[in-house]
Ligand SMILES: CC(C)(O)[C@@H](O)C(=O)O
Ligand SMILES: [Mg+2]
């Protein structure tokens, strides 16, 4: 066993004495040591129940003959971090979570791992760590929040952000806003739409790293406790068979995840996290892969913010496996991939029935023939940009309008709320990229203000930052290269015409090559917004959005 390094032999007497200090018995030391990575804390609603999940995992591991040992991972609530300096500290935690888990797992020589994440950065951060450490590992998340009820309709986090915009526009009273505030987040769990956390928890199931229901069983259901116990038992089976993450998260599994992403209508952040996970398994991942997959994959789900359904509805309808089974009818999945069930994808999904054709449209009757995401390229984004096209109204799929340029999120918000943005405008928010932000903030306040003020069908937003899964509208993010490194987005001037053509995957600035070359000559890099601490170190190492904002070892290109 890997843990023999710390438990067996005379040289290990000091190690065993320290384990004695933990209260660990000889019998416990002789069993496989299973690290349980707990993302529990008291500030993230999606994580406040993870102590219960972790306890259930411990019981499962112990029942199956392992010794469970808990250690922590940090976690940020993107909702609470939204719209201020806190959001610069969100994406950057993904890599802290991956790196710190690598450090803990290898420092203590665990035999296997159970990852217990839930919200936006913990799921991808721990998937990256799992691929990197590559010892038998299973995931069990905390589960989604139930939807709230406002005026008889199911509502969630995107509606409260948009309610703020409606209130600013005078179409929603202060009492109305307060009602949203009090009702949209009724339980613990990851916010109830197909936002980033739930996107990544569902894709964990597709990647084969979580058991059935990992993405959709609500946080407050006792079924989730049972799922956690099963995950604890299952990791011991994976250990016995030595099935490791890189046997499961193969290139084909990543392509399956991208495919199901298209059908579910996942968050644009999946297009940062999948390339980063792919990087950990040594896969070359060009983001425009996504378009080929998007072309042939129908969009089957319109969960919030794209439509009125929520994670609890997807769960009732049969969950992720039912969506996969639909896609399998078109032969779109690699069914031979191994999973943590010890079975292949094909074996896992064969009996999954779609129980609600309104929540999961059958492949014969999709919301659209093409998938949820698209990658746009052109002279404004030579290395690519990402849009959730399933959340863009038909009249904005092709749009042309004057650039309204802002060098940070706060300035854009002020202009939108101050009524300075009008129908037709293309709002450009730059110097918010991975290096420039630093930390590539989510622009949920600007997109919600646009939607809430009734401009969602006439105004587009382009940024080298990123979006929340709760953002909707013609919101094009991850524009690469970013402004801070002199990407063309830095050269846009107020009033330049920008052309967006989603069906043709184009994003163009209507300025001649000569003029752009002239502007480039004059462009000078700005002094970094943050000069000390983790953000400064992060900015020095981070790559661009199209590469998943991975951290590169300087000089290696890796
Ligand atoms: C706050 C949210 C909903 O988690 C957002 O940050 C997202 O990415 O979906
Ligand atoms: Mg987020």
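Count begins at 1; order follows the chain as displayed.
Cβ from N, Cα, C; glycine included.
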Record-annotated Mg(2+) site (TrEMBL): member among 414, 432, 442 besides 78, 120, 121: 442
Separation of alpha carbons, residue 121 (Mg(2+) binding site) and residue 468 (active site, proton acceptor) (Å): 12
DSSP three-state assignment for residue 442 (Mg(2+) binding site): strand
Stretch-averaged pLDDT - the domain 'Dihydroxy-acid/6-phosphogluconate dehydratase C-terminal' (358-549): 96
Packing count at residue 468 (active site, proton acceptor) (other Cβ atoms within 10 Å of its Cβ): 32
Cβ within 8 Å of the mean position of the Cβ atoms of 78, 120, 121, 442: remaining residues of the chain near Mg(2+): 76, 81, 87, 90, 91, 119, 196, 197, 269, 468
Close-lying recorded positions around ligand 2 among 78, 120, 121, 468, where CB distance stays under 6 Å: 78, 120, 468
